[in-house]
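Only one structure is covered here, and it is reproduced in the block below.
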Amino acid sequence: MRVMGVDPGLTRCGLSVIESGQGRKVIALDVDVVRTPADEQLHRRLLIISDTVEHWMDTHRPDVIAIERVFANHNANTAMGTAQAGGVIALAAAKRDIDVHFHTPSEVKAAVTGNGRADKAQVTEMVTRILALQAKPTPADAADALALAICHCWRAPMIARMAAAEAMAAEARRKYQAKLKAARA
């Protein structure tokens, strides 16, 4: 499975692509950070992000996009910009019929470090080890994008099993309701 990990942001947007192997083996294929000027108009900054992300999707052909889920932090403007960047990325994926999954920061940290409260340095260190990189990915947005992709690769089998179980439960519920309806008639 090829996963594109995205750490959305208006000033810096981390992008990565990794390929999953057998078991928990993952291989980094590409990583970068899109930067937009803070003094540029919002719609132009989003366009820069959109154009770059679309190029990455067309070049790398990911099977799925893993995006960090935005949460309200102390700065509402930062959260808003991050959410807008994430929306542009999700839209680009939808146009290409690529599945999108959102993961919380604590989910990602727990997946790669074993600790949902790990700091940036711990995440970067573990990403470097897991992917057997020669150098630590910088800035932190690059490491976070790789961590998101790793998290999704490792969680994908569980996500698929949960979806299958939910589908089975929905089918069983539908059959049961049809049986009840027939019994009442």
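Note that Cβ sites are derived from N, Cα and C of the backbone, with glycine treated the same way.
What Swiss-Prot says about this one:
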type     : residues : note
ACT_SITE : D7       : active site
ACT_SITE : E68      : active site
ACT_SITE : D141     : active site
BINDING  : D7, D141 : Mg(2+) 1 binding site
BINDING  : E68      : Mg(2+) 2 binding site
Local Cβ density at D141 (active site) - other Cβ atoms counted within 10 Å: 26
Sparsest Cβ surroundings (other CB atoms within 10 Å) among the active-site residues D7, E68: E68
Distance, D141 (active site) to E68 (active site) (CA atoms, angstrom): 11
Secondary structure at D141 (active site), reduced by DSSP to three states: helix
Assigned conformation of E68 (active site) - DSSP reduced to three states: strand
Euclidean distance between Cα atoms of D7 (active site) and D141 (active site), Å: 6
